[in-house]
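Before any comments, here is the structure.
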Ligand code: NCD
């Protein structure tokens, strides 16, 4: 049984195949490829875009969606993850999408399930469909010529599962990654690092990926105020000027902390395109895992 727990679960050829389907699915037409199938979503952590993106993707392919209400889930009443997995499995879904604040939960569930498990984000560990949609957005923008493109990943990299998945995937596709963050947000890594965001760096960049400060994953407030952080790392027009590049963000965007209002409405900012691409890539992934398994 194949699952999608981390980006490593798909090889390069498989990802390029997924991109072919993704392009077709961008027409947003309803399909019947997954008619008669059922997809379960179980999100133990808040989400708007990832949950609705997966659910729209499943519905656009003709599948039925069962959303499990985690606020009333028995896990909160002390049920073990193993028992939850067994219960979910006995309902015989064709795929299950899980998000959890703890790293490793999708992997544990996958060991006990008879259907593909898709990771919708686990702790600081991985968020594979987000990285796939980011890569797809970059890949379409540069018409497939992405090798050696320079990407700045800016923000709370250490606590970001989006960064972790993107680092693996973008590296594999030959992009040059530069990590840009204050010391306490910088992970241990062999990649090039910068502790400040300046003109020199912007000049080099083809892509900037800004990340949200993951306050819910900090034990204590590290930056005295987000304003201090924003002064140094917010993506603003006076920094970007008329440089030819694209700006990505997985959302939710903290306006004027991660990206300024002005840059949010700039043509180079592809946040809404990322959301659109997200539904299409999740359709491609669901199709692959449900029909090929
Ligand atoms: C991200 C997440 O939840 O990991 N958002 C998302 O899935 N679109 C990023 C974040 O919360 O900052």
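Note: Cβ is positioned from N, Cα and C throughout, glycine not excepted.
TrEMBL annotations: computationally assigned, not manually curated.
Note that this is a predicted model, so its numbers are computed, not measured.
Within 31, 67, 99, the residue that TrEMBL lists together with 49, 50, 127, 130, 251, 252 for binding carbamoyl phosphate is 99.
Ranked by CA distance from residue 161 (L-aspartate binding site), the binding-site residues 49, 50, 99, 127, 252 have 127 at the top as the closest. Taking all protein chains in view, 19 other C-beta atoms sit within 10 angstroms of the C-beta of residue 212 (L-aspartate binding site). Proximity note: of the listed binding-site residues (50, 127, 251), 251 have a CA within 10 Å of the CA of residue 212 (L-aspartate binding site), given in sequence order.
Residue environment of residue 161 (L-aspartate binding site) contains 24 other Cβ atoms, counted within 10 Å of its Cβ in all protein chains. Neighbour counts were taken at the CB atom with a 10 A radius for the binding-site residues 50, 130; the maximum falls on 130. In the domain 'Aspartate/ornithine carbamoyltransferase carbamoyl-P binding' (2-139), the DSSP tally of helix, strand and coil residues is 66 helix, 25 strand, 47 coil.
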